[in-house]
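Q: Once you've had a glance at the structure underneath, I'll fire off some questions.
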Amino acid sequence: MNRESSTRAPRTDRSGTANPPSAQPGNGAGLLFRIIPPGLYAGRSHTLIERSYLVNKRAWMQVFSGFFEPLFFLFSLGFGLAQLVTTVEGPGGPMPYAAFVAPALLAASAMNGAVFEATFNLFFKFKYAKTYDAVLATPLGPVDIAVGEATWCLIRGGIYAGGFIAVMLGFGLIDSPWALLALPACLLVALGFAAIGMAAATYMRSWHDFDLVQLAVMPLFLFSGTFYPLSVYPGWIQAVVEWTPLYHAIELMRALTSGYVGWGALGHVAYFVVMACIGVVVAARRLGKLLLT
Amino acid sequence: MTDADVTDADVTEPDVTNADVTEPDGAGARVVGPWRAALLVVENHWTWYRRNWRATVISSFLQPVLFLLAMGVGFGSQVQVGEATDGYRYVVFLAPALLVITAVQNTMFESTWAVFSAFKWQRKYLAMVSTPLTSAQVLYGQLLWNALRLAAGAIVFLGIAVALGAITSPSALLAVPFAVLTGMAFSAPAVAYTATREKPDSFNAIFRFLVMPMTLFTGGFYPMSQLPDWIHPLAWITPVWHGIELARGVTFGTLRLLPALGHIAYLCALIALGVLLGRRYFHRRLAV
């Protein structure tokens, strides 16, 4: 679908930018432009989001079906395995298994969605569909591409997360009003992973490199305390896991949905803020280098 | 494994066929035998695979092992051993089922994306039928290759599971052919279906709505009795449930003859259906 729609995209972009194009950055974005050279950013990333929307509107089934993957996991593991394991050691003492695993699946689906959207789709559009070559022929810069694509990942991830949280609420798996913050937290997590995924996608040579993405995502999904508490591991593995991103995401979600929120939550948030900043800057620079030279 | 035989055949094969074709009484009158033809298709895959196997190591060999470690050992540490796990440690309970589940998941890509690509993007099948191979032989070769990949994945997984102490009974070796059978019971209909597709749009949906539920809700991770009753008939339709019954039964020595024959018959029927439909669709798409 991407391939066909890519030929159509520039047309919609152009119609979206009917006003005289201003290649200069808007005023009052000081810090951003100290990190990112101004010629790379035209403040028009919203047109790329519009493009993503138009493309995905025609492949709505793919978007829609992504919502069911964590849901199946939740039903199967949360309610099936709950018979084998009655309570697990959670943040505030023993908790029912379904309530333990649900926030972890929420965090994992935020990661999965963001990483796959950012790597697979970006790589396809970049390398095969040549979408970004077309985009750069319009008044958009590489930073617009990076910001636009990352935002689209967030919108998509946010829809999934919102639906999943609603299901959790329906099944009585949420114990605290702190869970209101779970959606923004999901978006932050997704942003961190999307940014790093985009940066990684710019280094990929062929489809074979996606097995490396798989190699990173799969162990994160399985070993970050998703299905069982970290205390199962010997000390040194615990120390390693505590450095990995999904662990922080899961801890954050679990704290928010169970209501045991401490100052440590800010540490988790900071982890993803740093991750997102590094990812966006690297991705924008790399895209600029690859597309403009 | 079949490397040596197949490459030897390759050296002599072109001469033989060329000799046939240059005979005056009609080009393509004599075709290669069905087995030889299927092996030639397998060889095509093998030639590619020999250079690119590294790309598949993670998805076909490492992933099931990581799953066994995380779910079997890690999650298993939380499980009370009891009736629900047939009295075994959880990792022992899980291992034979995981063998079957990963077989189906592993063959998913080979049966959809890879076949679609061979039709549409690489046009490999078109190249094949322009030789003395027939469309049906191309199908047999593809299925044979899928089965070989499945067998290799299952054997490696079994070896690692033994090393991790997740499999203790020697009869688990019989679970390998059952896992391959189950994988093919999914693969053959999937290949046939793919042959009818003009766009790859539905493959993700197949994974999400067929393969995922098939692996999550068919008693692999916990006994079916934990699930609501209305799910049971749905599970019986899936090849995975039959495969898990066979693999777990043979590993724990609880398999009875009649149910076993029933499971095997069902899986074989799915394969036969896939081959029959596949023959028709391959012919329709590849015949000139």
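Cβ atoms here come from the backbone N, Cα and C positions, even for glycine.
The feature compositional bias 'Acidic residues' is assigned by TrEMBL to B:1-13. If you look up TrEMBL, you'll see B:55-285 marked as domain 'ABC transmembrane type-2'. The annotation region 'Disordered' is assigned in TrEMBL to B:1-25. Marked as transmembrane segment by TrEMBL: B:53-75, B:87-105, B:150-168, B:174-193, B:205-224, B:257-277.
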Q: Run the contact check on the transmembrane segment (B:53-75) against the transmembrane segment (B:257-277): 3 or more C-beta pairs under 8 Å, excluding pairs closer than 6 in sequence.
A: no
Q: Quick one: find which recorded stretch in B:87-105, B:150-168, B:174-193, B:257-277 has the most Cβ pairs under 8 Å with the transmembrane segment (B:205-224).
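A: Answer, by Cβ pair count: B:87-105.
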Q: Between the stretches B:87-105, B:150-168, B:257-277, which one has more Cβ pairs under 8 Å with the transmembrane segment (B:174-193) than any other?
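A: If we count Cβ pairs closer than 8 Å to the transmembrane segment (B:174-193), B:257-277 scores highest.
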Q: In the same chain, who gets a Cβ under 8 Å from the transmembrane segment (B:257-277) while lying at least 6 residues past its ends?
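A: Same-chain contacts beyond the flanks: 139-140, 143, 181-182, 184-193, 239, 242-243, 245-246, 249-250.
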